[in-house]
Amino acid sequence: MVFSVFMCFLMSLLLGGVLSISGSSEISFNNNYSVTWGNDHVLSSNNGSQVQLSLDISSGSGFGSKMRYGSGFFHMRIKLPDRNSAGVVTAFYMTSQGHRHDELDCEFLGNKEGKPYTLQTNVYTQGQGDREQRLHLWFDPTTDFHDYRILWNQHQIVFYVDNIPIRVFKNNTNNGVGYLSQPMQLQASLWNADSWATDGGQTKTNWSYAPFKAYFQGFDISGCSRS
Ligand SMILES: *[C@@H]1O[C@H](CO)[C@@H](O)[C@H](O)[C@H]1NC(C)=O
Ligand SMILES: *[C@@H]1O[C@H](CO)[C@@H](O)[C@H](O)[C@H]1NC(C)=O
Ligand SMILES: *[C@@H]1O[C@H](CO)[C@@H](O)[C@H](O)[C@H]1NC(C)=O
Ligand SMILES: *[C@@H]1O[C@H](CO)[C@@H](O)[C@H](O)[C@H]1NC(C)=O
């Protein structure tokens with residue numbers, strides 16, 4: 001909390017936005033998130049402590065934070081679609097709005113049964129991406145929930161898988177590299193991306209495995225809200 005107060009203080013000095021401090025204790029799916037698309041493909045259970053997104057040939061689905069943030073630590077526990085999930089992408093990401101937007105992506109690229117999931121991360125600053133990095137998850141992400149986190153402060157962005165930092169993007173504005181500065185919302189979605197996601201788009205979604213289902217828990221945000 002002290003860290004978060006400090007960050008909000010710094011961000012308010014730097015950016016002059018409207019800020020308030022939000023601890024993670026009061027976060028709940030029902031209060032802090034809303035469905036963004038595919039309403040009838042979103043199922044929340046246990047009083048909002050778990051959310052299931054599904055994808056079939058008619059629609060995918062997604063949800064996002066109601067508030068926008070200027071920095072913070074964002075956490076989701078996710079269990080990915082099992083069996084043959086080729087062509088299917090589960091995404092956990094942050095994005096600002098508008099044309100030259102900022103975005104931080106964790107995209108889980110489905111695969112044929114028995115083949116590893118790929119986690120693709122990307123960083124957009126002012127609409128400029130092309131910073132994809134890929135790794136194979138070292139566990140089966142379909143049998144259990146695992147922790148995925150994004151840390152974003154004025155110094156760096158860090159992506160974590162089960163508390164292991166897998167990528168760092170430093171604030172290198174001193175060297176002329178753009179950095180994320182626009183208020184972003186946290187989002188999650190499940191969608192068909194078989195034009196590119198698996199084997200470069202050669203392996204298509206097999207709809208006989210639909211509906212595909214991804215499960216989410218946690219929803220923690222220790223962030224500075226910013227409008
Ligand atoms: C969660 O929602 C509550 C109630 O609207 C709000 O007071 C709180 O600031 C929100 N927290 C975050 C981190 O957005
Ligand atoms: C359901 O969650 C809300 C907050 O999200 C909480 O205030 C309420 O007490 C919970 N109800 C039950 C039955 O646990
Ligand atoms: C990035 O770092 C520079 C100092 O190196 C700082 O002035 C700037 O505000 C930082 N950017 C953000 C968005 O925090
Ligand atoms: C889709 O999966 C079904 C069930 O495993 C299989 O019979 C069928 O051949 C698959 N379709 C394609 C195009 O691979």
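Using the three backbone atoms N, Cα and C, a Cβ is placed for every residue, glycine included.
What you see is a predicted model, and the numbers here were worked out from it, not measured in a lab.
TrEMBL has this to say about the protein:
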ACT_SITE  GLU103  active site, nucleophile
ACT_SITE  GLU107  active site, proton donor
DOMAIN    14-216  domain 'GH16'
SIGNAL    1-20  signal peptide
C-beta crowding around GLU107 (active site, proton donor), within 10 angstroms:
20
Any same-chain residues 6+ apart from GLU103 (active site, nucleophile) with CB under 8 Å of its CB? Would you list them in sequence order, or say none?
TYR93, MET94, THR95, SER96, ASN122, VAL123, TYR124, GLY129, MET184
